[in-house]
Amino acid sequence: MEEKRRDSAGTLAFAGSSGDSPASEPMPAPRRRGGGLKRKANALGGSNFFSSAPSKRMLTREKAMLASFSPVHNGPLTRARQAPSIMPSAADGVKSEVLNVAVGADGEKPKEEEERNKAIREWEALEAKIEADFEAIRSRDSNVHVVPNHCGWFSWEKIHPLEERSLPSFFNGKLEGRTSEVYREIRNWIMGKFHSNPNIQIELKDLTELEVGDSEAKQEVMEFLDYWGLINFHPFPPTDTGSTASDHDDLGDKESLLNSLYRFQVDEACPPLVHKPRFTAQATPSGLFPDPMAADELLKQEGPAVEYHCNSCSADCSRKRYHCPKQADFDLCTECFNSGKFSSDMSSSDFILMEPAEAPGVGSGKWTDQETLLLLEALEIFKENWNEIAEHVATKTKAQCMLHFLQMPIEDAFLDQIDYKDPISKDTTDLAVSKDDNSVLKDAPEEAENKKRVDEDETMKEVPEPEDGNEEKVSQESSKPGDASEETNEMEAEQKTPKLETAIEERCKDEADENIALKALTEAFEDVGHSSTPEASFSFADLGNPVMGLAAFLVRLAGSDVATASARASIKSLHSNSGMLLATRHCYILEDPPDNKKDPTKSKSCSADAEGNDDNSHKDDQPEEKSKKAEEVSLNSDDREMPDTDTGKETQDSVSEEKQPGSRTENSTTKLDAVQEKRSSKPVTTDNSEKPVDIICPSQDKCSGKELQEPLKDGNKLSSENKDASQSTVSQSAADASQPEASRDVEMKDTLQSEKDPEDVVKTVGEKVQLAKEEGANDVLSTPDKSVSQQPIGSASAPENGTAGGNPNIEGKKEKDICEGTKDKYNIEKLKRAAISAISAAAVKAKNLAKQEEDQIRQLSGSLIEKQLHKLEAKLSIFNEAESLTMRVREQLERSRQRLYHERAQIIAARLGVPPSMSSKASLPTNRIAANFANVAQRPPMGMAFPRPPMPRPPGFPVPGSFVAATTMTGSSDPSPGSDNVSSV
């Protein structure tokens, strides 16, 4: 039976294995392993006598378990001890899966580590860059004018709305001596003085050299600039490290007001900037920040409070009284008020309760409306008598009344609100004008055309008729004013072009900054979870947490990594003793003022010298110059109607005539060569324009050197007296540069025609100026060198007509190109610096506030623990008192107990007839009797027989004398009836 079972089990095992793995069917090895497995299974389950043969499912489960978990053994690895390999596919699958998981984990782990290491390296590089920038700032020369980042609004040429709001007296037009021009001149003078030497400390006495404005205006402007750190800002640490403590104290007293921005007060926050500060009441520049200790010291100097007496009973009611505002100096004490001891025309509602503070200055924090009304009433009655005013208010001291009156916003706030409307409206109009370029372009040509028309009328009246003998001379000189007119128009166009380019650049800059800021704002609102629509406006007040929304906007604007690194670096700077490191980290170099602001006298002197030389050399040629100018205008008006082919043909003829001998003198040729060499060797640069030469003036022959640069600077400053002289100078220089020569017949014809039709000439000049303004200076000056030398008459008109007809969108393309060129130049570096400074300041402020909160929490915790200790001590003292009381009661009870024991012993001794011991009353007996055995008789001493009980005696029988004597010897004070009472009990 046993063998059949084994064979059947082996057959079943072999069948199961063959069904799972067909490849192992012809091999005989699985039978032996199956049998061995069966024997092992029987050995494991041998304890169960009622178990049947193992099924196929159980065998498969056991084989899988053996395949996945190798058996633990100590013997040799034989075939009998090996795990059955009937399921190789399952074992291989498990092994391959484990290997794949291990390889996958090993593959992901290096990637994560690599990314982490990369982030760490980038962070270290960013911190190293910030520290390098900081070290560069620290090692910078102190002669460089640096300002804090929050002064990025400052501009040498413009007035910011912040300046208009802070100093409204210069912009509201209410004071004659205070205008925007006066403010700009004072500001630029002070800034220029400090910019030239940043190591100095500008004070009020240094402003005596300035002749513009009064002393108060100078002081206001200086303190405003000092407050913002534009002057007297020295962020660089001192080089001498061995200074003493006294030197540091002196330096701290003389520090600029700006350093207070980087120090955070514990008691109160930094107050906002006062719009109209009282500069006369400030002894030092630090007076802009109110000193909280001044009021306390002022209050400490106050004398005792005023005493008040009741009008009814004359009692002292200074502590608590009832005051009647209807009648002066009428006060009642509490008892009289409750008793109703006041006049018949008064009621209890007419009185107010007055309870002064315990000490001076305690009640200065809050002022009720009634107290404020009393203060104003007292000011009207007593004027400047503050003792009477304090007595009238009754609840405040004199110092408190004075301080409250100084802090009251009486009318300054309302005046400031009125003043703010004018600058805002002015800004809106300025923005509208700057954005509307067409209106600017229309107004400028009209003024130029009107001015030109007056000059042309005067010129046409003074033109003399040429004689027959001088026809050749007039024809030769008539070519010179043509070029002069052309150069004059080009000069006027160049003067207007920088204004157009400046307006376009500013608009492009504003658009670029606005787009980046709006993008950062949109992303910040999305990060906070606020769904924004194109129609809705962004407002931090709509957010659930406006503070976090603002922080997200600043981080988006500056960059998360840069903002975090800068905040950490600023927090690390808190370990220093002052805010010097913070000030040094957040500052930048202020750009130099424009050249025309630096040395305006130089250009004026140069132009004056040039005008003087021209007047001396051409004093006798002014009538001829005027006639030449009229002839040139007529030639230009005729050539505008000529086609391009005729112009080219005429140009060739004029060039051929020039090449003939005798057409031009050797002197003029030598002068022309010298002028050309001078122009080719010295490129033209303009001070007012920031564009390179190839943008403003692509043709060098078009732009003369000194002759054109000086009229460009001082063209608007020429007086009416020297105007003709300057025009003659320009025409003479242009005539030297012009080579061609017009024929005599054409010139005479054009001259006569210009005399006949002066209105057409003026109209043509106006159209030319209009086209020059609309198309820009680049189109006016874009004529090549050859056309300049070959076309003295039609060179300017032909390109203008062609440009106006062929490129109608030239202005839009030019504006687009300038926008693309200025986007890289006018980036948002200042905006990013401001955002970084704001985030760093917020981080430092939060760190300081966190420290203050921690200190306050620690202080409150300490006070709480101290209070608990006081309570515990109070409880322990109560327990000690209770314990002492208990001990006293216990001692008293113990004494009572001892007395009772003694009395009991005496009673027992008296009953037994034994003389009591001679011990003291408080001493215990020799043999104490337990309390539980009260009726047990006392044993007699050793050697004595137990006494017999007394014999009953008749009532009248006398007591033996021995007993009486024994009783007397004990010295007991108890009477005999007492013993009878005890015995009876």
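Backbone N, Cα and C atoms are what each Cβ position is placed from, and that goes for glycine too.
Feature annotation (Swiss-Prot): of 305-359, 360-414, 525-579, the stretch labelled zinc finger is 305-359. Swiss-Prot lists region 'Disordered' at one of the ranges 230-271, 944-985, namely 944-985. Between the stretches 4-29, 108-133, 810-835, Swiss-Prot puts its coiled coil entry on 108-133.
Summarised by DSSP class, the composition of the zinc finger (305-359) is 9 helix, 10 strand, 36 coil.
Taking Cβ-Cβ distances under 8 Å and a sequence gap of 6 or more within the same chain, the neighbours of C333 (Zn(2+) binding site) are C310, S312, C313, A315, C317, K320, R321, Y322. Note on the coiled coil (839-900): its mean pLDDT in the predicted model is 92.
Looking at C310, C313, the binding-site residues in this record, the fewest other C-beta atoms within 10 angstroms of the C-beta turn up around C313.
Of the chain residues outside the Zn(2+) site list C310, C313, C333, C336, N311, S312, S314, A315, C317, L332, T334, E335, F337, K341 have their Cβ within 8 Å of the site's Cβ mean position. Sequence-distant contacts of C336 (Zn(2+) binding site), defined by Cβ-Cβ distance under 8 angstroms and a gap of at least six in the same chain, are C310, S312, C313, F342. Residue counts for the domain 'SWIRM' (145-242) by DSSP state, with H, G and I taken as helix and E and B as strand, are 49 helix, 3 strand, 46 coil.
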